[in-house]
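Structure record follows, encoded as structure tokens.
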Amino acid sequence: KNMITGAAQMDGAILVVSGADGPMPQTKEHILLAKQVGVPNIVVFLNKEDQVDDKELLELVELEVRETLDKYEFPGDEIPVIPGSALLALEALIENPKTQRGENPWVDKIYQLMDKVDSYIPTPQRETDKPFLLAVEDVLSITGRGTVATGRVERGTLKISDTVEFVGLKPTQSAVVTGLEMFKKTLDETLAGDNVGVLLRGVQKKDIERGMVIAKPGTITPHTKFEAQVYVLTK
């Protein structure tokens with residue numbers, strides 16, 4: 001459930017596979033889910049490289065990963081695969097948080113991974129010119145500040161002091177935006193593609209729940225009948 005909720009918001013993903021063990025059953029499940037919910041691009045990190053003494057074994061694991069990606073209609077031959085050790089990189093950064101490129105081989109592997117993410121996963125065109133819409137993923141109550149709804153901005157822009165409506169599941173209500181936050185940074189404005197927390201005035205936590213949307217007033221109407229394409233996942 002959580003994998004589906006998160007994956008549905010992604011422009012791309014990093015698939016982490018143990019270089020020592022190879023693809024596990026949940027690896028295939030995650031690739032399948034990524035395909036079905038529309039994650040367009042994947043980059044692979046072969047973890048635990050430090051535990052593999054035989055380079056040929058690591059190459060066999062990489063080949064197996066590429067074949068698995070092909071099976072689920074990702075371009076296995078093209079997808080970047082970066083070996084490394086998350087643990088050794090983390091230990092190096094804990095010992096010296098200011099470690100730069102070229103100063104530690106394991107930290108360099110993480111830089112290489114992120115370089116591939118930047119080059120292989122394109123930044124999609126964002127629909128910033130359309131009316132604001134955010135799908136609510138979670139709702140929090142912050143003492144003394146108000147109610148915060150978090151989620152991904154599907155389209156449009158939003159600024160502090162804007163009025164919004166929250167629609168679906170319950171009667172439509174409106175509220176004023178008093179704050180915007182993303183990755184512990186406060187914002188004056190949020191754009192399509194951002195994962196953001198929206199602080200709302202004049203609304204209780206019980207009034208909003210996951211599955212609702214926050215939208216520009218008058219732009220979204222709730223419906224009780226619709227057509228959908230559904231994937232049913234079996235164990």
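Cβ atoms are placed via backbone N, Cα and C, with glycine included.
According to Swiss-Prot, the features are:
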BINDING   ASN47, LYS48, GLU49, ASP50  GTP binding site
DOMAIN    1-125  domain 'tr-type G'
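Taking the features listed in Swiss-Prot, we show where each one sits on the structure.
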residue	record	contacts (Cβ under 8 Å, 6+ apart)
ASN47	GTP binding site	VAL16, VAL17, SER18, GLY19, GLY84, SER85, ALA86
LYS48	GTP binding site	SER18, GLY19, ALA20, ASP21, SER85, LEU87
GLU49	GTP binding site	GLY19, LEU58, PRO83, GLY84, SER85, LYS109
ASP50	GTP binding site	SER85, LEU87, LEU88, TRP106
Mean per-residue pLDDT computed across the domain 'tr-type G' (1-125): 90
Where ASN47 (GTP binding site) falls in three-state DSSP terms: strand
